[in-house]
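Feature annotation from TrEMBL assigns [4Fe-4S] cluster 2 binding site to B:C79, B:C82, B:C85. Summarising the annotation, TrEMBL assigns [4Fe-4S] cluster 1 binding site to B:C89. Annotation comment: TrEMBL describes B:16-45, B:69-99 as domain '4Fe-4S ferredoxin-type'.
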Amino acid sequence: MCRIGAIKSRKYLHPSKALKLMRSQQKGHDNSGFAMVMQDLGGVFENYKDLPILSLACTDEGMRIADNILHEAGFVRIMQWAPETHPREWLKIEPMPNYIFLVLQYPKSYKYASKEEKEELLVDIRLKIRKALEVNDEGFVYSFWPDVLTLKEIGDPTDIGEYFGLWEENDELRAKIITAQCRQNTNYDIVRYAAHPFFLQGYTALANGENTFYEKNRDFQKKLYKGYIGFESDSQCFLYTLHYVHKILKWPLMYYKHVITPLPFEEIELREDREVLKKIRASLAHLEINGPNTIIGVLPDGTVFTCCDSKKLRPVVVGYTDDTAIITSEVTGINEILPDRDWEQDIYPNEREMVVINNDLEVQRWQQ
Amino acid sequence: MATMRVNELAKDDLFWQIEYKHDRCTLCGRCVAACPFKAIEARVERRRKVISDDITPNPKVIFQTVPVIKQVVDEYNFCRGCGICEKVCPNDAIRPVRNPDHRFQAKYRSVTGDPFKRGGRNNLVTSARTLDKIKIGRISQMTDPSLDAQRHTFDLLAPFGRVLPPQEIPFEIKDGKLVERENTPPVRWIYPIIIGDMSIGALSWRMWEALAIATAYLNEEAGIPIRMCSGEGGVPVRLLKSRYLKYMILQIASGHFGWNRIINAMPDMVEDPAGILIKIGQGAKPGDGGLLQAKKVAKHIQEIRGVPKADLLSPPNHQGLYSIEESVQKMFLSFNAAFKFRVPVAIKVAASATSVSVYNNLLRDPYNIVGGFFLDGIDGGTGAAHEISLDHTGHPIVSKLRDCYLAAVHQGKQGQIPLWAAGGMGKGWNLAADAFKMICLGANGIFTGKLMLQLAGCVGNDNGKCNACNTGLCPVGICTQNPVLVKRLDIDKVAENIVNYFLSVDHELKKLMAPIGNSSLPVGRSDALIATDKAVADRLKIQYAC
């Protein structure tokens, strides 16, 4: 079972918080990796909010390939930042030669382009780089989006923290939203792409569970949007469904839960919006999830939410103070980060519920 | 040497030979009375007997004429091996015995100049069924907990109707909620097993009524929203005007039999039917039309269909339709319009090498008018057919269903025209297992016919036993309109058997869904299946396990 976590705060936080959140929940062999997505960045990235950041782990050759593609597309490098690494022989980690976060200016030809056009461009370029890097295993590109940074690594999370100097708080790397997971996937091969959180066009998703409708989800999603690729982990399907429902279909967020965990027909029949719900259920039957799952999601506007499978087979808890809210698998994680909160306010969401944290850090409970 | 006529039919040429025990027979005559085929009759035999009635042995020969039961040796009245004589005999004095060396079909054709016809069973079963080579191999235990079949809720419903892709549903957002701007094609959520189309002409009126009763009971008392397809040939007007019509899928086939009555009854309908099924073809006799022989066209059939007592042959195709596009435009539009677009209209075709093309074409239909694709495989069929069609034409259903599903996946249109498949479902007596496997392979649901007859007491089997559905002489009253034979059928018992069977199927389906951790139908979840046969695994694109 995975353990997943998300921190959303009014102030910029250092990723050591995410490491601590996850380490306290560690079980048995939860030591196979660490991955995180940071959104709403501070530190060295604070002044580049509108510019896309490419998150890359690659070889030197991979770097050159990516540079060429970016150059060819007309992107201009504004800033480059790489974490200072601390290689030690005893660290259990399989690092890539380079970890690079590039802040880029859009091509000149996109000066008057619409937001949508720019968003599609970022996906196209990321997919292009990914494809080029895959030819000779030259590296991995995790995200290419404004104000977003992704890091994924294989190894012991403590050692990964050590390697990247993430245990020591500093002013360089900070964000208001950090999602993280400390484990490589077990279903399939260990692939860096397969580690949660998954990211696409501003949407982030993490899941704890087993998507038994993976094959159905995947077969259906493959045809829906060019960015739905990879499928190294069955949990990627949850991200793609979130993206599809909210971004492509433009349905309100509340319908995400109606798509992935439709209400039983008996309950649908009792509701006023039964016709709408039945239409959704019929039309998107292949996006349903039917295994045990807890999902944490982040929307492009910074909204963070969580919801579970329809049988509530995986745990999740939400704890918060005035300036920080945490959604994670086990309460011990929250205790670590927010020891002084009013724990009676903690929310253990039920199977028909979404807990949504907006940018005012208001914690809402939506019943499906 | 005696003169003999070797070309004449002899007992040795027949499928079945009557084994008669003279010493056990009390000549009660029940067997003769019960045999609808007139394949046995009371006759006399001259017997030589040696007796001695002296105190000391003094044998003498006497000749006696004794009454016996004898098998008729005839191309028209021959034993079908139904075993009714054995069933009614109080003394175990008579039974049919299979004759492995028969040459009957050759004799029949050479004498009658007519193809051999029989009931809807494929009699050339040479190996285990494909579905029996597939197991449910993904059992959730630690990563993905199994559900509790008794305690958890399950949603065993399948769509019947045209399902729109999400971007085509006319939704708009009002106050943060989706609302429908205009109507969309009707979709009914029904049980994933339909009682398949068997017409009121092919079945006896009592059998048909028993099915209708079972359907209504399952819906209203057992909470299993099963639907029954009327088959071609109309529906009693009383039913058309009743509220039970909502459980019936009305069928129109190429003969259009009975549709006059249905159209005339429309103004008086208090409920919409569950759906319309346009039958293009069926699995047991693909490319053949329906065949209801004059002897089964009883008075009530004549009334319902508006026909004289004559052989009723549905043409093999719908006259006037020469392409898939036309079928969409003419038939679907007209039948949708007839019920003011409130009733889903689906199509049934025999599985064929070309089924995928048809399905692809329908999926691309710009009118969104096709409410279901019913595929009937080689083992389907309940009615009469030429033996040559039954045994030697048709397409197995499993791979064709899979092909159609994968074709839809390839287009990203899976689920938009629900796939229903049949043809031998429940042949191994486990309808739930067959349904489950077909659903995992991509079916939204299945339909079943022959099994219903077997539940009612059909004595036929796939080894050539009985199979006399075409004769109008069904020995158990299922496929006949002969009043005497029909009375053998106990309507209430038949309905009860069918209801009970479906109660168990419902339970079994949940028992299969629970271990794979699913509470809604696993349509297309072929990862839950494994095949113990490599060829089957490769063909169906599922895991091979050994």
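Each residue, glycine too, has its Cβ placed from N, Cα and C.
Caution: TrEMBL annotation is automatic and unverified by curators.
A mean pLDDT of 96 is what the model gives for the domain '4Fe-4S ferredoxin-type' (B:16-45). Within the same chain, residues at least 6 positions away in sequence whose Cβ sits under 8 Å from that of the residue listed as '[4Fe-4S] cluster 1 binding site' are B:R30, B:C31, B:R95. The record gives B:C79, B:C82, B:C85 for [4Fe-4S] cluster 2. Within 8 Å of the mean position of their Cβ atoms, the other Cβ atoms in that chain belong to B:W16, B:I18, B:C35, B:F37, B:A39, B:I40, B:R80, B:G81, B:G83, B:I84, B:E86, B:P96, B:P475. Cβ neighbours within 10 Å of B:C85 ([4Fe-4S] cluster 2 binding site), excluding its own Cβ and spanning all shown chains: 24. Remark: secondary structure over the domain '4Fe-4S ferredoxin-type' (B:16-45) totals 5 helix, 11 strand, 14 coil, with classes taken from DSSP. The Cβ of B:C79 ([4Fe-4S] cluster 2 binding site) has B:L14, B:F15, B:W16, B:Q17, B:I18, B:F37, B:A39, B:I40, B:Q71, B:V72, B:P96 as same-chain neighbours under 8 Å, each 6 or more residues away in sequence.
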